[in-house]
């Protein structure tokens, strides 16, 4: 793969030839079917290391979410876990806290491997590991993905071997095949957004090859917001008697506190309507999803010209540029982000309270992951979808049928208290 080429598995597949050279037992399966925003018990009840509790306190978290309450107590005992839960419900913290709690760092040994399907998500997960391990100075974290020079990764592994490695399957496999990344001491193996990796045949092959290089006795954990029944079966083949946690069944996988509306209009009317809505609505930060790179750039330019300063992120940017723009948006340097679907999964920006589907997503899965950028962790938010033709209408109907929800036409006036926390009209 050429270094400047920007691939992620959502858009196209990395080609292998271009790459350079304890298990818990018990039968504690659980299926949860109710939403609970927080539990009265706190993180202290999990008997975590004081250093981890201190970091959790710094993040402002007091009570575990439903998925954390269900997973963490069993996971910190070493049990394999397969978990489906709504976006924004704190799945990342489950495996980050769980692996840090159990980790006993040994110099020169990789103990934790965490893989996900996009580079941005890998970068974000590595930052979460750094955040929760800030009072564990002996713990070293590294992130490896394509689009960056592989030599730097090899030097890091040789000179300052991390205990925790986060990355995308393509780059991880290249490093493992070359012998630079040694996986024979791995104790904890995590797949985030596992449906993307297990559901994609090419990526699944990469994952399987990596798994074969790890010890048979290890803890395996897999997480996703969408996990069809047929994929659950495949996921469980990687595990030994896993605990299964499904927080809300698939038909009810809607986001608590998220208002969802559509606007029927012609293609040529989209820009004017978007500008009017940005004028009328109150927002902290907004993400606007489009279907193609050219549309992303054009809309970004239009918004800037109309005094709505924005940031654009798409797959044709250099990797450093993409990460830099992502961080700039996360740091609140601009309030509007225009993006293609590569930003649609797993990205966690706490201030986003409105998502626009300027272009209709391809399917109901993409819809869920896009609108989940608003209303993270059970907070309020607003999702507005533009419907401009018959195909758009069909997709919207399929979303409503699958998730058993009613997406209504956008009213002329919206009560600000329905989509911004702590506001009254």
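Each residue, glycine too, has its Cβ placed from N, Cα and C.
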Checklist outcome for this item: Students should find that the motif 'DECD box' stretch in Swiss-Prot, chosen from 180-183, 184-187, 188-191, 192-195, is 192-195
Item to check | Surrounding residues of the motif 'Q motif' (41-69) on its own chain - C-beta under 8 Å, 6+ positions past either end | outcome: 32, 35, 76, 83, 85, 89-91, 93-94, 97, 100-101, 131-136, 245, 247, 377-378
Item to check | Chain residues in Cβ proximity to the motif 'DECD box' (192-195) (below 8 Å; excluding those fewer than six residues from its ends, i.e. six or more beyond) | outcome: 82, 91-92, 95, 114-117, 121, 125, 222-228, 231, 235, 345-346
Item to check | DSSP helix/strand/coil residue counts for the motif 'DECD box' (192-195) | outcome: 2 helix, 1 strand, 1 coil
